[in-house]
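Undergrad: Here you go, one structure.
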(Lines of atoms letter the chains of each structure in order from A and count residues from 1; the text may use other names and numbers.)
(Lines give C-alpha, C1' and ligand atoms only; values in the text may rest on other atoms or scores of the structure.)
Protein backbone atom coordinates (compact mmCIF):
# COMPACT_ATOMS: atom_id res chain seq x y z
CA UNK A 1 0.00 0.00 0.00
CA UNK A 2 1.35 3.47 -0.82
CA UNK A 3 2.13 5.80 2.00
CA UNK A 4 -0.09 8.74 2.87
CA UNK A 5 0.73 12.22 1.56
CA UNK A 6 2.11 13.30 4.92
CA UNK A 7 4.34 10.22 5.03
CA UNK A 8 5.64 10.89 1.52
CA UNK A 9 6.82 14.34 2.67
CA UNK A 10 8.63 12.84 5.66
CA UNK A 11 8.81 9.07 5.19
CA UNK A 12 10.11 6.61 7.75
CA UNK A 13 11.61 3.16 7.37
CA UNK A 14 11.40 -0.13 9.26
CA UNK A 15 14.76 -1.61 10.22
CA UNK A 16 15.22 -5.34 9.61
CA UNK A 17 15.15 -7.60 12.64
CA UNK A 18 16.38 -11.17 13.02
CA UNK A 19 13.31 -13.41 12.79
CA UNK A 20 12.47 -15.80 15.57
CA UNK A 21 10.99 -15.95 19.07
CA UNK A 22 11.56 -13.26 21.66
CA UNK A 23 14.13 -15.36 23.51
CA UNK A 24 16.26 -15.72 20.37
CA UNK A 25 16.19 -11.96 19.77
CA UNK A 26 17.32 -11.40 23.35
CA UNK A 27 20.35 -13.61 22.76
CA UNK A 28 21.11 -11.74 19.52
CA UNK A 29 20.90 -8.43 21.38
CA UNK A 30 23.24 -9.78 24.07
CA UNK A 31 25.76 -10.92 21.43
CA UNK A 32 25.64 -7.52 19.67
CA UNK A 33 25.99 -5.70 22.99
CA UNK A 34 29.00 -7.85 23.95
CA UNK A 35 30.68 -7.29 20.57
CA UNK A 36 30.04 -3.55 20.84
CA UNK A 37 31.50 -3.47 24.36
CA UNK A 38 34.63 -5.31 23.15
CA UNK A 39 34.96 -2.87 20.24
CA UNK A 40 34.59 0.19 22.47
CA UNK A 41 36.96 -1.04 25.18
CA UNK A 42 39.54 -2.34 22.70
CA UNK A 43 39.69 0.80 20.57
CA UNK A 44 39.69 3.09 23.62
CA UNK A 45 42.57 1.05 25.02
CA UNK A 46 44.55 1.55 21.80
CA UNK A 47 43.91 5.31 21.88
CA UNK A 48 44.91 5.62 25.55
CA UNK A 49 48.02 3.44 25.22
CA UNK A 50 49.35 5.33 22.19
CA UNK A 51 48.65 8.65 23.92
CA UNK A 52 50.45 7.57 27.10
CA UNK A 53 53.45 5.85 25.47
CA UNK A 54 55.94 8.36 23.91
CA UNK A 55 57.73 5.59 21.98
CA UNK A 56 54.51 5.03 19.99
CA UNK A 57 54.26 8.65 18.80
CA UNK A 58 55.10 7.70 15.21
CA UNK A 59 53.08 7.89 11.97
CA UNK A 60 52.23 4.17 12.05
CA UNK A 61 50.58 4.42 15.48
CA UNK A 62 48.95 7.77 14.73
CA UNK A 63 47.28 6.06 11.77
CA UNK A 64 46.29 3.24 14.13
CA UNK A 65 44.67 5.83 16.42
CA UNK A 66 42.73 7.22 13.45
CA UNK A 67 41.59 3.69 12.65
CA UNK A 68 40.48 3.13 16.25
CA UNK A 69 38.55 6.42 16.33
CA UNK A 70 36.83 5.59 13.02
CA UNK A 71 35.84 2.12 14.24
CA UNK A 72 34.42 3.64 17.42
CA UNK A 73 32.44 6.22 15.44
CA UNK A 74 31.13 3.68 12.92
CA UNK A 75 30.02 1.20 15.59
CA UNK A 76 28.43 3.96 17.69
CA UNK A 77 26.53 5.31 14.68
CA UNK A 78 24.78 1.96 14.20
CA UNK A 79 24.88 -0.51 17.10
CA UNK A 80 23.05 1.52 19.80
CA UNK A 81 20.17 2.11 17.35
CA UNK A 82 20.07 -1.62 16.56
CA UNK A 83 20.05 -2.51 20.25
CA UNK A 84 17.21 -0.04 20.90
CA UNK A 85 14.80 -1.98 18.71
CA UNK A 86 15.88 -5.36 20.09
CA UNK A 87 15.37 -4.13 23.65
CA UNK A 88 12.55 -1.61 23.27
CA UNK A 89 10.91 -2.70 20.00
CA UNK A 90 11.57 0.63 18.25
CA UNK A 91 12.19 -0.51 14.67
CA UNK A 92 11.06 2.67 12.91
CA UNK A 93 13.62 5.26 11.84
CA UNK A 94 12.79 8.67 10.40
CA UNK A 95 13.83 9.71 6.91
CA UNK A 96 16.28 12.38 8.12
CA UNK A 97 17.83 10.10 10.73
CA UNK A 98 18.15 7.35 8.13
CA UNK A 99 19.93 9.64 5.64
CA UNK A 100 22.27 10.89 8.38
CA UNK A 101 23.12 7.34 9.46
CA UNK A 102 23.66 6.32 5.84
CA UNK A 103 25.99 9.30 5.26
CA UNK A 104 27.99 8.49 8.41
CA UNK A 105 28.37 4.80 7.54
CA UNK A 106 29.57 5.40 3.98
CA UNK A 107 31.75 8.40 4.85
CA UNK A 108 33.45 6.74 7.81
CA UNK A 109 34.06 3.61 5.73
CA UNK A 110 35.64 5.74 3.00
CA UNK A 111 37.87 7.52 5.52
CA UNK A 112 38.90 4.16 7.01
CA UNK A 113 39.79 2.87 3.56
CA UNK A 114 41.99 5.94 2.97
CA UNK A 115 43.72 5.47 6.34
CA UNK A 116 44.43 1.81 5.48
CA UNK A 117 46.01 3.00 2.22
CA UNK A 118 48.12 5.53 4.15
CA UNK A 119 49.27 2.75 6.49
CA UNK A 120 50.27 0.65 3.45
CA UNK A 121 52.29 3.59 2.11
CA UNK A 122 53.90 3.96 5.54
CA UNK A 123 54.96 0.29 5.46
CA UNK A 124 56.27 0.71 1.88
CA UNK A 125 58.39 3.75 2.74
CA UNK A 126 59.65 2.18 5.99
CA UNK A 127 60.79 -0.99 4.21
CA UNK A 128 61.80 0.23 0.74
CA UNK A 129 63.16 3.70 1.64
CA UNK A 130 63.95 3.58 5.38
CA UNK A 131 66.35 6.54 5.30
CA UNK A 132 63.65 8.79 3.84
CA UNK A 133 60.86 7.61 6.14
CA UNK A 134 61.19 10.39 8.73
CA UNK A 135 61.25 13.07 6.02
CA UNK A 136 58.41 11.68 3.91
CA UNK A 137 56.05 10.77 6.77
CA UNK A 138 56.55 13.30 9.53
CA UNK A 139 53.93 13.82 12.24
CA UNK A 140 52.73 16.97 10.47
CA UNK A 141 52.30 15.06 7.21
CA UNK A 142 50.40 12.35 9.06
CA UNK A 143 47.94 14.93 10.43
CA UNK A 144 47.45 16.39 6.94
CA UNK A 145 46.76 12.92 5.54
CA UNK A 146 44.12 12.40 8.23
CA UNK A 147 42.40 15.68 7.32
CA UNK A 148 42.55 14.84 3.60
CA UNK A 149 41.05 11.40 4.31
CA UNK A 150 38.08 13.03 6.09
CA UNK A 151 37.63 15.61 3.31
CA UNK A 152 37.79 12.90 0.66
CA UNK A 153 35.15 10.80 2.39
CA UNK A 154 32.78 13.74 2.89
CA UNK A 155 33.15 15.07 -0.67
CA UNK A 156 32.60 11.69 -2.31
CA UNK A 157 29.69 10.50 -0.16
CA UNK A 158 27.79 13.66 0.74
CA UNK A 159 25.94 13.51 -2.64
CA UNK A 160 24.44 10.09 -1.76
CA UNK A 161 21.80 11.36 0.72
CA UNK A 162 21.30 14.51 -1.39
CA UNK A 163 20.39 12.37 -4.42
CA UNK A 164 17.84 10.44 -2.34
CA UNK A 165 16.34 13.52 -0.67
CA UNK A 166 13.95 14.55 -3.50
CA UNK A 167 12.84 11.01 -4.39
CA UNK A 168 9.31 9.81 -3.57
CA UNK A 169 9.01 6.61 -1.53
CA UNK A 170 6.05 4.29 -1.74
CA UNK A 171 5.14 0.67 -1.10
CA UNK A 172 7.29 -1.28 1.33
CA UNK A 173 9.17 0.57 4.06
CA UNK A 174 11.14 -2.49 5.23
CA UNK A 175 14.92 -2.29 4.89
CA UNK A 176 17.16 -5.33 4.38
CA UNK A 177 19.54 -4.42 7.21
CA UNK A 178 19.38 -3.23 10.79
CA UNK A 179 20.66 0.18 9.69
CA UNK A 180 20.45 2.44 6.62
CA UNK A 181 22.66 1.84 3.59
CA UNK A 182 22.45 3.75 0.32
CA UNK A 183 21.52 0.87 -2.00
CA UNK A 184 19.00 -0.49 0.50
CA UNK A 185 17.17 2.84 0.88
CA UNK A 186 17.43 3.60 -2.84
CA UNK A 187 15.65 0.35 -3.75
CA UNK A 188 12.53 1.53 -1.89
CA UNK A 189 12.13 4.65 -4.04
CA UNK A 190 9.30 4.64 -6.58
CA UNK A 191 11.13 6.82 -9.12
CA UNK A 192 14.08 6.70 -11.50
CA UNK A 193 17.16 5.96 -9.38
CA UNK A 194 19.71 5.81 -12.23
CA UNK A 195 21.67 8.89 -11.03
CA UNK A 196 21.94 7.37 -7.54
CA UNK A 197 23.00 3.99 -8.93
CA UNK A 198 25.66 5.50 -11.21
CA UNK A 199 27.05 7.89 -8.63
CA UNK A 200 27.05 5.32 -5.83
CA UNK A 201 28.96 2.80 -7.94
CA UNK A 202 31.40 5.48 -9.13
CA UNK A 203 32.09 6.67 -5.58
CA UNK A 204 32.72 3.12 -4.34
CA UNK A 205 35.10 2.37 -7.23
CA UNK A 206 37.01 5.67 -6.93
CA UNK A 207 37.45 5.36 -3.16
CA UNK A 208 37.38 1.77 -1.85
CA UNK A 209 38.18 0.18 -5.23
CA UNK A 210 41.11 2.50 -5.98
CA UNK A 211 42.43 2.19 -2.42
CA UNK A 212 42.36 -1.61 -2.63
CA UNK A 213 44.34 -1.55 -5.90
CA UNK A 214 46.94 0.85 -4.47
CA UNK A 215 47.28 -1.24 -1.28
CA UNK A 216 47.92 -4.33 -3.41
CA UNK A 217 50.48 -2.37 -5.46
CA UNK A 218 52.24 -1.25 -2.28
CA UNK A 219 52.57 -4.84 -1.10
CA UNK A 220 53.84 -6.01 -4.48
CA UNK A 221 56.63 -3.43 -4.20
CA UNK A 222 57.24 -4.41 -0.56
CA UNK A 223 57.44 -8.09 -1.52
CA UNK A 224 59.96 -7.32 -4.27
CA UNK A 225 62.12 -5.40 -1.79
CA UNK A 226 61.89 -8.19 0.79
CA UNK A 227 62.84 -10.88 -1.73
CA UNK A 228 66.03 -8.96 -2.54
CA UNK A 229 67.29 -9.64 0.98
CA UNK A 230 69.76 -12.50 1.16
CA UNK A 231 68.76 -14.29 4.36
CA UNK A 232 65.34 -15.90 4.85
CA UNK A 233 65.36 -14.95 8.51
CA UNK A 234 65.86 -11.31 7.59
CA UNK A 235 63.07 -11.51 5.00
CA UNK A 236 60.64 -12.92 7.56
CA UNK A 237 61.65 -10.32 10.15
CA UNK A 238 61.05 -7.42 7.75
CA UNK A 239 57.79 -8.77 6.32
CA UNK A 240 56.46 -9.60 9.80
CA UNK A 241 56.12 -5.85 10.41
CA UNK A 242 53.34 -5.89 7.79
CA UNK A 243 51.33 -8.84 9.16
CA UNK A 244 49.11 -6.78 11.46
CA UNK A 245 48.27 -4.31 8.70
CA UNK A 246 47.47 -7.10 6.23
CA UNK A 247 45.08 -8.68 8.76
CA UNK A 248 43.38 -5.31 9.35
CA UNK A 249 43.00 -4.75 5.60
CA UNK A 250 41.40 -8.19 5.22
CA UNK A 251 39.09 -7.52 8.22
CA UNK A 252 37.86 -4.38 6.44
CA UNK A 253 37.66 -5.43 2.80
CA UNK A 254 36.38 -9.02 3.12
CA UNK A 255 33.11 -8.00 4.89
CA UNK A 256 32.79 -5.04 2.49
CA UNK A 257 33.08 -7.30 -0.56
CA UNK A 258 30.78 -9.88 1.05
CA UNK A 259 28.11 -7.23 1.68
CA UNK A 260 28.43 -5.95 -1.90
CA UNK A 261 28.05 -9.48 -3.29
CA UNK A 262 24.96 -10.07 -1.14
CA UNK A 263 23.43 -6.81 -2.39
CA UNK A 264 24.24 -7.60 -6.01
CA UNK A 265 23.47 -11.33 -6.24
CA UNK A 266 21.63 -12.19 -3.02
CA UNK A 267 18.08 -11.10 -3.84
CA UNK A 268 16.85 -14.66 -3.35
CA UNK A 269 18.77 -15.24 -0.13
CA UNK A 270 17.01 -15.38 3.21
CA UNK A 271 16.64 -12.01 4.98
CA UNK A 272 18.76 -13.38 7.82
CA UNK A 273 21.81 -13.47 5.50
CA UNK A 274 21.48 -9.75 4.71
CA UNK A 275 21.12 -8.87 8.40
CA UNK A 276 24.11 -10.97 9.47
CA UNK A 277 26.36 -9.65 6.67
CA UNK A 278 25.44 -6.07 7.58
CA UNK A 279 26.32 -6.61 11.24
CA UNK A 280 29.56 -8.37 10.28
CA UNK A 281 30.52 -5.41 8.08
CA UNK A 282 30.00 -2.95 10.94
CA UNK A 283 31.37 -4.93 13.90
CA UNK A 284 34.13 -7.26 12.67
CA UNK A 285 36.74 -4.57 11.90
CA UNK A 286 35.92 -2.66 15.10
CA UNK A 287 36.32 -5.81 17.22
CA UNK A 288 39.33 -7.35 15.45
CA UNK A 289 41.54 -4.31 14.79
CA UNK A 290 42.55 -3.60 18.43
CA UNK A 291 42.97 -7.34 19.07
CA UNK A 292 45.24 -7.73 16.03
CA UNK A 293 47.47 -4.79 16.94
CA UNK A 294 47.38 -5.72 20.63
CA UNK A 295 48.71 -9.19 19.82
CA UNK A 296 51.24 -8.07 17.19
CA UNK A 297 52.62 -4.97 18.96
CA UNK A 298 54.70 -5.64 22.05
CA UNK A 299 54.51 -2.03 23.27
CA UNK A 300 50.69 -2.00 23.20
CA UNK A 301 50.50 -5.49 24.66
CA UNK A 302 52.93 -4.68 27.47
CA UNK A 303 51.24 -1.39 28.34
CA UNK A 304 47.78 -3.00 28.52
CA UNK A 305 49.11 -5.88 30.66
CA UNK A 306 50.77 -3.40 33.02
CA UNK A 307 47.51 -1.47 33.36
CA UNK A 308 45.64 -4.71 34.12
CA UNK A 309 48.30 -5.62 36.71
CA UNK A 310 47.98 -2.22 38.41
CA UNK A 311 44.17 -2.55 38.41
CA UNK A 312 44.38 -6.00 40.04
CA UNK A 313 46.40 -4.53 42.87
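Backbone N, Cα and C define each Cβ position, glycine as well.
All TrEMBL annotations are machine predictions without curation.
Copied straight from TrEMBL:
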- 42-293: domain 'G-protein coupled receptors family 1 profile' (DOMAIN)
- 27-49: transmembrane segment (TRANSMEM)
- 61-83: transmembrane segment (TRANSMEM)
- 103-125: transmembrane segment (TRANSMEM)
- 145-169: transmembrane segment (TRANSMEM)
- 197-222: transmembrane segment (TRANSMEM)
- 243-266: transmembrane segment (TRANSMEM)
- 272-295: transmembrane segment (TRANSMEM)
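Would you situate these features in the structure and describe their surroundings?
TA: Tertiary neighbourhood of the transmembrane segment (103-125): same-chain residues 59-60, 63-64, 66-67, 70-71, 73-74, 77-78, 132-133, 136-137, 142, 145-146, 148-150, 152-154, 156-158, 160-161, 179-182, 203, 207-208, 211-212, 214-215, 218-219, 221-222, 241-242, 245, 248-249, 252, 256, 282, 285, selected by CB-CB distance under 8 Å and a gap of 6+ residues from either end.
Packing against the transmembrane segment (145-169) from elsewhere in the chain are residues 3, 8, 11, 62-63, 66, 95, 99-100, 102-103, 106-111, 114-115, 118, 182, 185-186, 188-191, 193, 195-196, 199-200, 203, 206-207: each is 6 or more residues past its ends and has a CB under 8 Å from a CB in it.
Outside the transmembrane segment (272-295), and at least 6 residues removed from its termini, the chain residues within Cβ reach (under 8 Å) are 16-19, 32, 35-36, 38-39, 42-43, 45-46, 64, 67-68, 71-72, 74-75, 78-79, 82, 105, 112, 176-179, 181, 244, 247-248, 251-252, 255-256, 258-259, 262, 266, 301, 304.
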Undergrad: List, by number or range, the same-chain residues at least 6 past the transmembrane segment (27-49) whose CB is under 8 A from its CB atoms?
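TA: Result: 18, 56, 64-65, 68-69, 71-72, 75-76, 79-80, 82-83, 86-87, 279, 283, 286-287, 289-291, 293-294, 299-300, 303-304.
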Undergrad: Six or more residues beyond either end and a Cβ under 8 Å away: which residues meet both conditions relative to the transmembrane segment (61-83)?
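TA: For the transmembrane segment (61-83), the nonlocal Cβ contacts are 15, 29, 32-33, 35-36, 39-40, 43-44, 46-47, 50-51, 93, 101, 104-105, 108-109, 111-112, 115-116, 118-119, 122, 139, 142-143, 145-146, 149, 178-179, 248, 279, 282-283, 285-286, 289-290, 293.
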